[in-house]
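Here's the structure we're looking at; comments come further down.
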Amino acid sequence: MINKHIRHFLKFDDFKLDDLIYILNRTKIIKDKFKKYETHMTLHDRTLAMIFEKASTRTRVSFEAGMYQMGGSVINLTSHDSQLSRSEPIEDTARVISRMVDIVMMRTFDQSRIEKFAKYSRVPVINGLTNEFHPCQILADIFTYIEKRESIKGKTVTWIGDTNNMLYTWLQAAELFDFYLNVSSPIGYNINLSQIDQKRFKNHLKIFNNPKEACKNVDLITTDVWTSMGYESEKDKRINDFKDWCVTSEMMSYANNDVLFMHCLPAHRGEEVTAEVIDGSKSVVWDEAENRLHVQKALMEFMLLGKL
Ligand code: CP
Ligand code: NVA
């Protein structure tokens, strides 16, 4: 049976702004308690199943630690150690797993695959990264920006590099949180405008051929690997195509004085960002990574218990 009433978080704009703001406010409470070693066991007896069809460090550890810290349990499945690698249909996998657990986090390839899983799931499903989107990461990034600079509304975020899952999620977030996005990518890697609702995004997006121009007077500069998971066969070509899209100290110097640098990690120093920038004083990448833990605890709590 297909349950149309379950709320999934498969892309950033699956949730309305007031739900996202609730989750961000709740994250602050949960993080403050964590820092004071206070327990927060609101998901006692709940079980999270994680399905990884791609590699992960941060997503795995943050979801797993987060669920245990809230009193629940976690089951980790990869494509290698489940029947997924032996062609069990995704809809059958969803039907079975969702009869046994309370919530599912899935990392996979095409967005259509997680959507199919969600369609046949009896429980909420969270996107832990697909080729198209990475909503949990952007939730952590926005929490981190607000934590450091109070509000992101009206600010300008610059994206340098590949037009990937991170960028398309930033785009959805810009429209919801009302900030501006400057994007600079090499020729041949332009945003696929046919893939986005241009009417919705046109006031929030500016495209630049020159990455240095895209960094002028902005509040946050962010980038990501040149070759995302699943695109490894293009790696050598991409190293050549993206060589002028490395975030350098010179690029950072064009931005506002209080600019921050973010990267979802894993990073390749000397490719998409210099060591000087990622390890420098404007970089908040370690807080950004840690905040995955806190926002996802708030997210799972919201999806299972609603607003408390
Ligand atoms: N940023 C992120 O999702 O990292 P992992 O691939 O290590 O989970
Ligand atoms: N764009 C990267 C993000 C990794 C967290 C990828 O999809 O591999």
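Heads up, residue numbers simply count up from 1 along the chain you see.
Just so you know, glycine gets a Cβ as well, placed from its N, Cα and C.
In the record from TrEMBL, residues Asp224, Ser228, Met229 bind L-ornithine; the candidate from Asn127, Asn165, Asn182, Asn291 listed for the same site is Asn165. With respect to ligand 1, the binding-site residues Cys136, Met229, Arg292 contribute no residue with a C-beta closer than 6 angstroms to one of its atoms.
The binding-site residues under consideration are Arg58, His134, Arg292. Their Cβ neighbour counts within 10 Å are lowest for Arg58. Taking a Cβ cut-off of under 6 Å from any atom of ligand 2, the binding-site residues Gln83, Asn165, Asp224 reduce to Asn165, Asp224.
Considering only the binding-site residues Asn165, Asp224, Ser228, Met229, Ser56 (carbamoyl phosphate binding site) has Met229 as its nearest partner by CA-CA distance. Looking at the residues that bind L-ornithine per the record, Asn165, Asp224, Ser228, Met229, the two CA atoms farthest apart are separated by 12 Å.
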